[in-house]
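Reviewing the structure listed below.
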Amino acid sequence: MTTTEINYKVIIETGESNINANVILCIYGDENTTTNLPLRTTKDGSDAKFDQDSILEFDLRATDVGKITKINIGHDSDDSEQNWFLKSIQIESNDEHYTFTANRWLSKEKDDNKTYIDLTPDGRKTPPSSPVLPKNQATYTITVVTSSEADASTDSGVLMTIFGDKDQTTQFPLSNT
């Protein structure tokens, strides 16, 4: 089986950050998976620095995975001082646009203490079309009702895992849609 390579335009938005570790991305699709792609050099040829409130753009050449079903992104540092708040990732390939919202820490000290995360595409792709869900996946609508008591709010990222009788989801951030 021969694999075809294509170009991926990747845009990463960072919130707070204190990271100088290697950031690695892997793209999964309905037909194939890329190798781990180190994000070292930006589109303009400069060294990738995931500084606070930065937006970095990368042009990557990798295996054509078909329709993107999920990504795995993170950093390789075990140092507790390496804290990266990943806001979002956008990927364009084969005239399709995917957005992945993280809004969470990749850190040994914050959120779930993990430096890598699996993310699935948000809602619809552009141009509008029905999302193609991989086999054995479903779409859930989640409604959260919070207390009206004083000091009951949070600015922290809220994470969720859904457990079922057949399987469970990977942990994912809750975000307004």
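Yeah, the Cβs are placed from backbone N, Cα and C, and that goes for glycine too.
As recorded in TrEMBL, the features of this protein are as follows:
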DOMAIN    6-120  domain 'PLAT'
DOMAIN    138-177  domain 'PLAT'
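Same-chain neighbours of the domain 'PLAT' (138-177): 101-105, 111-112, 117-120, 122-123, 131, counting only residues six or more beyond its ends whose CB sits under 8 Å from a CB of the stretch. Residues belonging to the domain 'PLAT' (6-120) score a mean pLDDT of 92 in the model.
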